[in-house]
Structures are given as structure tokens and as C-alpha cells.
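Novice: Heads up, here are the entries from TrEMBL:
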BINDING   G205, G206, P207, G208, T209, G210, K211, T212  ATP binding site
COMPBIAS  1-12  compositional bias 'Polar residues'
COMPBIAS  453-469  compositional bias 'Basic and acidic residues'
DOMAIN    184-601  domain 'UvrD-like helicase ATP-binding'
REGION    1-23  region 'Disordered'
REGION    449-480  region 'Disordered'
Amino acid sequence: MSDYASQLQEEQQQVDRAYSRLDDIREQTKERLRAVRAAGSHGSPTQRTERDSFATMYEDRLAQLRAVEDRLVFGRLDDVKDNRLYIGRIGLSDESHEPIITDWRAEAARPFYEATPKEHGSIAMRRHITLRFRKVVSIEDEALDLDSAQVSHATNEGTLTGEGALMASLSSRRTGKMTDIVATIQAEQDRIIRADMHQALVVQGGPGTGKTAVALHRAAYLLYAHRQRLSHSGVLIVGPSPAFLHYIDQVLPSLGETGVVSRTLATLLPGVTVSSEDAPRVAALKGDKRMAQVIANAVRGRERVPSTLPTIRVNNMQLPMKAADIQQAITDARRTRKPHNQARETFVKSVTGIMVARYASKLDYTPEQSELDSVRQALRLNDDFRRTVNLAWLPMTAQWMLSDMFAKPAKLRSYAPWLKPAEIDLLRRAKDAPFTRSDIPLLDEAMELLGPDPHHDSDAAARDRRRQEDEEIARETLSQNGIGNGIVDAKTLVDNMNGLDAESTAERAADDREWTYGHIVVDEAQELTPMDWRMLIRRCPSRSFTIVGDVAQTSALGGTRSWKRTMDPLFGEKGWSLKELTVDYRNPQEVSELATQFAHDEGLYVSTVSAVRHVPDAVRRITVDDSALVEQAAACAMDCVRRFVSSDGTGRIAVIADKEIRDAVRKAVALSLKQTVDAKEWSRLTSQNAWDSQIVISGPQDVKGLEFDAVVLVEPGLIAMNATSRLVAAADLYVAMTRPTQRLAIVRTTKDAESMPL
Ligand SMILES: Nc1ncnc2c1ncn2[C@@H]1O[C@H](COP(=O)(O)OP(=O)(O)OP(=O)(O)O)[C@@H](O)[C@H]1O
């Protein structure tokens with residue numbers, strides 16, 4: 001048997017041992033769960049709570065043990081004394097507590113990702129183990145300590161760690177779902193994943209440098225390293241689109257982490273649904289940081305002395321309402337510093353008190369308390385009094401306030417004197433117009449200043465009180481039984497007792513507008529406006545953020561083109577740090593170079609990137625006559641379908657075109673597809689839902705953050721011509737060109753090619 005074969009066999013034994021232990025623990029956990037369930041619903045409430053807590057803990061643990069099945073073990077570290085440490089998705093020990101595998105997030109595993117021949121401490125060799133199901137199919141060694149005897153069989157040395165495993169993973173067919181990179185995290189990525197969480201960390205990197213992958217692995221790392229703190233407050237992941245969230249939603253579960261809330265900004269406000277997007281210029285205006293003051297002005301605009309004030313008749317006495325009374329009550333209410341809807345209570349009390357005192361002052365005797373109470377009651381029931389109180393301090397919802405403001409240009413002008421008349425016209429809309437994505441941070445700002453809707457307030461408070469009591473009982477039960485350990489907490493347990501599934505722990509955070517998270521991860525962060533940032537910072541007062549993005553890909557007019565300019569005002573000059581990722585793992589070198597050169601020529605800030613893979617013929621250029629454009633785009637798409645789209649569901653291609661021609665392209669692709677594949681395959685491909693579709697026809701902004709085996713870019717000059725600015729055009733095309741892992745085909749007319757060389 002060759003040396004390599006015997007080493008494979010040796011590793012197989014270790015891997016078998018790890019899986020066998022995993023199976024045992026699963027079986028034990030299942031057995032315990034069965035026993036707890038068998039006890040049924042008998043016994044005292046405390047006994048039932050105790051059983052529920054155990055059942056929840058076992059269910060949670062089982063889910064975690066199932067999630068780590070694939071590639072359970074992937075690495076080995078040998079030190080200079082020939083001690084071995086196996087690295088895997090989770091930590092496992094045998095019955096006598098001897099470690100079998102070490103969790104990839106443990107400090108001891110760090111050299112597996114970061115050690116280099118120059119800086120390797122006591123580590124002599126790193127081994128990458130590749131599994132197919134439970135079978136070891138390859139091993140790849142890297143010598144770190146070149147003087148050590150242990151490295152005699154080392155086969156490889158380089159700047160990329162685990163190059164073979166890395167290349168195999170990068171070249172594989174895309175499945176429409178991002179996978180974890182835990183076996184092949186590179187040193188520059190690992191340093192970011194394990195960075196301190198006490199301040200904001202911005203990760204700038206060109207397309208395909210692993211920003212999303214790093215951000216997700218960092219979330220998993222932080223949940224491991226700071227479990228106590230983060231299991232209570234939670235982690236929020238903010239992504240650019242539902243399609244993107246769908247694309248990444250397997251990564252954290254495969255790392256054994258399920259309690260993370262992922263949202264787009266459009267879905268961050270519970271109870272508010274967004275059904276449209278604003279035009280880019282409108283979105284930029286709404287995202288302007290001065291909008292915070294506009295909202296504050298709009299709230300203040302509803303705390304005012306009405307232009308006419310009535311005289312109220314009570315017990316045959318005329319009581320005038322005076323401007324000074326209202327002004328005094330406004331001052332009293334503002335002094336409470338409570339949100340508008342809550343401070344209204346003080347306003348009403350104050351203005352009523354002044355009126356009652358006026359009544360008393362007109363009497364020639366000292367009234368009984370009961371008489372004053374009846375005056376108060378009479379005022380409360382008086383229509384004129386009520387109307388005036390409402391005019392002076394209107395209770396309102398954020399939704400009503402915003403709709404009212406955008407429907408009335410005069411009001412908007414008075415709240416936002418900096419807006420030009422043309423901008424007011426742009427913002428103007430019908431009162432019943434649906435809310436847009438860019439309204440969300442404005443609504444959030446308004447909700448903050450208005451406080452809870454007065455009508456829902458008392459119900460919610462009662463619910464909260466009941467929940468707090470339940471959680472208190474659960475917490476006591478957990479601590480009396482010495483269980484939990486961060487795997488199950490009191491909140492999860494209460495959900496379980498109430499028949500809610502485990503996911504609802506995270507959902508609970510998402511359902512609560514005032515929830516504050518322990519950490520927030522923001523992807524494609526370059527697109528956020530100053531108002532978006534205010535909304536996020538409100539949700540994480542500790543300002544512990546991981547912010548990943550690329551300022552060369554910014555397409556929002558109100559987005560970020562310089563991290564410094566955006567971050568300094570948010571976190572202070574010393575409250576954030578910047579790290580850069582420099583290696584393009586997604587694109588072939590040929591594609592990366594073309595895209596980088598283009599972005600550079602267009603004046604975008606481009607991070608220095610070098611691509612790790614070379615794919616000959618990765619770039620194809622096809623130039624045709626006007627009349628043949630759509631047919632040629634479809635023919636090129638079919639070429640990619642034949643080559644990359646497989647009937648086992650793997651392989652993804654995107655055809656990216658401007659909306660002016662997109663429908664025509666879609667029709668032509670559909671027609672050609674019918675002629676290219678057999679009926680069964682045609683029906684399979686055309687019945688896929690939009691998110692899982694193996695053939696995507698879209699615009700450049702919809703593919704942000706996603707990747708495909710092949711991209712057909714149609715008539716790029718037209719995309720540029722219809723963009724809102726030259727920089728946005730460049731960013732959009734840069735995004736489009738950097739989506740493929742294997743091939744970029746550019747199909748265009750001669751005229752288009754002359755207008756913009758690519
Ligand atoms: N260390 C790694 N090992 C294996 N695959 C990796 C590694 N780093 C990145 N990748 C892969 O490279 C591709 C690009 O990564 P990712 O989507 O995170 O890049 P990005 O920087 O967010 O790109 P973009 O800015 O274009 O959205 C993904 O398929 C990812 O899984």
C-alpha cells in the first residue's frame with residue numbers, strides 16, 4: 001500500500017471514530033428526549049416546566065447534531081511534539097473526556113487557518129481532509145515547520161491554505177445556495193472572523209473576495225465566543241434582497257447556528273409591508289440625514305396653538321381657552337421628554353387643570369372636589385374642547401403622519417425648508433399611496449418620536465407582563481436543574497411551553513421594533529443611506545457591527561462611496577476599523593481582470609484584487625447586427641445551459657439585460673429553451689420558482705451578492721445609458737460582470753460596442 005493510501009486509511013479510522021461518537025451522542029439525546037416525552041403531561045406545574053425545559057434542550061441539541069453531518073471533520077494540526085488535533089464543525093470528546101475533534105471556532109483551531117511557515121508557533125504541519133459523505137477521499141498537507149521531522153511527507157506549501165480543497169470547492173457547480181467555507185477559510189479571512197466585537201468593523205473587498213462568507217462565519221464565531229451575551233440579545237443579519245437572504249440561508253444552520261434573525265431593511269419594521277420601490281432620486285432624498293430633522297419637525301408641527309380657540313360653556317359659565325394655556329400645557333408635556341403620544345397625557349391633564357382652575361377662580365365660594373371633578377368630566381365630553389385639544393396635540397401613528405406629510409406639499413415645505421420645489425414635487429404622492437422601501441427608516445424615526453400607538457399600548461403591556469412572569473419561572477427552573485448552558489435559554493423555553501417552534505425565538509426579536517441586538521451584520525452595506533444607518537444603530541446601542549461591502553459596487557444614489565465619510569459620523573473616528581479582503585475567490589482571472597480594468601477606467605474605487613483561478617476562454621465577446629441581438633443573446637444563453645445547467649438541479653446561469661429589452665430577451669430565451677432541451681427537462685426548468693431558478697433573466701441590481709456559473713451580459717451600453725448617473729452605470733456593470741464563476745459572455749450590437757469598449 002502506498003504511503004498516501006495508508007495515510008488515507010489512518011484518517012478514515014479517525015473520521016469513523018468521530019462519526020461513531022456523533023451517532024452515539026445523537027442516540028443518547030434521542031433516548032433522553034423519548035424518556036422526557038414519555039412522562040407526558042403529568043405532575044405538578046413545576047415538574048412539567050422542568051420536563052419541557054429538558055425536552056427543548058434535547059431537541060435543540062439534536063437539530064445541531066444533525067446539522068453537522070456533512071464534512072464533520074476537515075482538518076488536522078500536528079505540533080512539533082507530534083501531538084495531533086483534529087478540527088471539525090463542532091467539538092466532540094469521548095466518554096473519558098478525551099477530545100476527538102475540536103470546534104473550528106476554538107482558539108486552539110486558529111493555527112489551522114492562520115499559521116504560516118514564517119509564523120507557526122509550535123505547529124509543524126496542517127492537513128486538509130476531504131470527505132465525501134463519511135468517506136475520506138483526499139488529504140493535503142502543508143509543511144509549516146520546515147525543520148521538523150514530522151513534515152517529511154508534506155506535499156504542499158503555498159500562500160493559499162488547503163489549495164486543492166479550495167480549488168475543488170470554487171470550481172464546483174453552483175446550486176443557488178451559498179455553502180459554508182469552514183474547511184477552507186483563508187488567513188486574511190480568519191483574522192476578520194475572529195476580530196474583536198467591541199467596535200464596528202468594516203470589511204471592504206472587491207467582488208468575490210468572500211465578504212458575505214466571512215460575515216456569516218463571523219456571526220457563527222461570535223455566537224460561539226460570546227454565547228452568554230448573544231443568546232439573549234441575538235444577532236441580526238441585514239441583506240439587500242429576499243433573494244439574497246434565500247441564497248445565504250443554509251450557511252448558519254450548517255454551522256450549527258439557527259438563532260439569528262435575517263432581514264432586509266424593507267422587512268425590518270414589524271407590521272409595515274412595503275410594496276414598491278422609489279425612483280433612485282426619491283430614495284436618495286428620503287435617505288438624506290436631514291430627513292431626521294424633517295420627521296422631528298413633523299411631530300412638533302402637531303404640538304401647536306390652534307389659530308382659533310373656542311369658549312367652553314360649563315355649568316352656565318363661559319370658559320375661554322387661551323393661547324397661553326395651550327402654550328403652557330405644551331411646555332409641560334415636552335418637559336416630560338416622553339414620546340409624543342405618551343406626553344399627550346400630560347398635555348391633556350395640564351390644559352384641563354388650567355381650565356378647571358379658571359372655573360374655580362370665577363366662583364365666589366370654594367368649590368368641593370366633587371364639583372371640580374364634574375367640571376373636568378364635562379370638559380372631557382365637550383366636543384369643542386376635545387377638538388381643540390386634538391388640534392393642539394394630535395395623537396397619531398407614524399404611518400398616518402408620513403402619508404399626510406407627503407400628500408401636502410405646503411406642510412413638507414415647512415418641515416423641510418432645504419428641499420427645492422422640484423424635489424418637493426418628486427416626493428409628493430397621494431395620501432393612500434403604498435409605502436416604499438425608503439419610507440421604512442422614516443417610519444422608524446417617526447415611531448421613535450411618537451412612541452407606541454396609544455390604542456395598542458395597553459394590550460401589548462399586558463402581554464409583556466405575562467411573558468415576563470413566564471420567563472421568570474423558566475429561568476428559575478433552568479438554574480435549579482443546572483441546565484441550559486447557553487443551548488437553551490428561558491425565552492426559548494417559554495416559546496416552547498406556548499407551543500411555538502424554536503425559530504420563534506429569533507422571530508420574537510424580529511417582531512419587536514424596540515428589540516436591541518447584541519451584534520448586527522450588514523451585507524452590501526455600501527447601499528445604505530444615512531437614514532438606514534440611524535435605524536440600524538438604534539437597534540444596536542452597543543454599536544457592535546460587522547459591516548461588509550464594496551464602495552465600487554454602490555448603485556444607490558444615497559449610498560456610500562467613502563467608508564470614512566459614512567462611518568466617522570456614526571461611530572466616531574476611533575469607534576470603527578477598516579479591513580480589506582484582496583483575493584477574488586469567485587471569478588476566473590480573465591473575468592476579474594476585465595472587470596477591474598473597466599471599473600478602474602470608470603473612476604470607481606477598486607480594491608486591489610487577485611483572482612485565484614485561471615479558466616481559459618472564460619470571457620467571450622459576441623458582436624451582432626441590431627436585428628440579431630435578442631436571438632444571439634438567447635443562443636448564447638443556450639450554449640451556457642448545455643454546458644452548465646444540469647438536470648440534477650446544479651448549475652446556474654444569469655442573462656443580464658436592461659429593462660428596455662428584458663422582456664424580449666426573456667421571450668427569446670424561453671423559445672430557444674424549448675428547442676434545446678427535451679420536454680421533461682423543459683417542464684422541470686420552467687416550473688422552478690424564481691429564487692431557485694437555474695436560468696435567471698434580470699437586471700444588474702437584482703443579482704447583487706449572488707453568483708452563477710455563467711453570465712450572459714446583453715447590450716451593456718444600454719444598461720449604462722439608462723442608469724441614473726455615470727458612477728451608478730459603472731457600478732451596475734461591474735456587479736454584472738463579476739457574478740460568474742466560469743464564464744462571462746458579452747453579447748452586444750456593433751453600435752453598443754462602439755459606445756462603450758469592454
Ligand atoms: N475561503 C474560501 N473557501 C472556499 N470558498 C470561498 C472562500 N472564500 C470565498 N469563497 C467563495 O467565493 C465566492 C464569493 O464569496 P462571497 O459571495 O462571500 O463574496 P463577496 O465578497 O461577498 O462578493 P460580492 O461583493 O460580489 O457580493 C462564494 O462562492 C464563496 O463561497
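In case you wondered, yes, glycine gets a Cβ from its N, Cα and C as well.
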Novice: Running a distance check here. Ligand 1 versus the binding-site residues G206, G208, T212: which have CB less than 6 Å from one of its atoms?
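Specialist: If the test is a Cβ under 6 Å from any atom of ligand 1, the answer is G208, T212.
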Novice: Reported in the order helix, strand, coil, what are the DSSP residue counts of the region 'Disordered' (1-23)?
Specialist: 21 helix, 0 strand, 2 coil
Novice: Other residues near the ATP site, CB within 8 A of the CB centroid of G205, G206, P207, G208, T209, G210, K211, T212?
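Specialist: Filtered neighbour residues, in order: D550, L581, D584, Y585, R586, V609.
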Novice: Hey, what's the Cβ neighbour count for G208 (ATP binding site) at 10 Å?
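Specialist: If we count other Cβ atoms within 10 Å of G208 (ATP binding site), we arrive at 27.
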Novice: Near T212 (ATP binding site), how many other Cβ atoms are within 10 Å of its Cβ?
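Specialist: If we count other Cβ atoms within 10 Å of T212 (ATP binding site), we arrive at 25.
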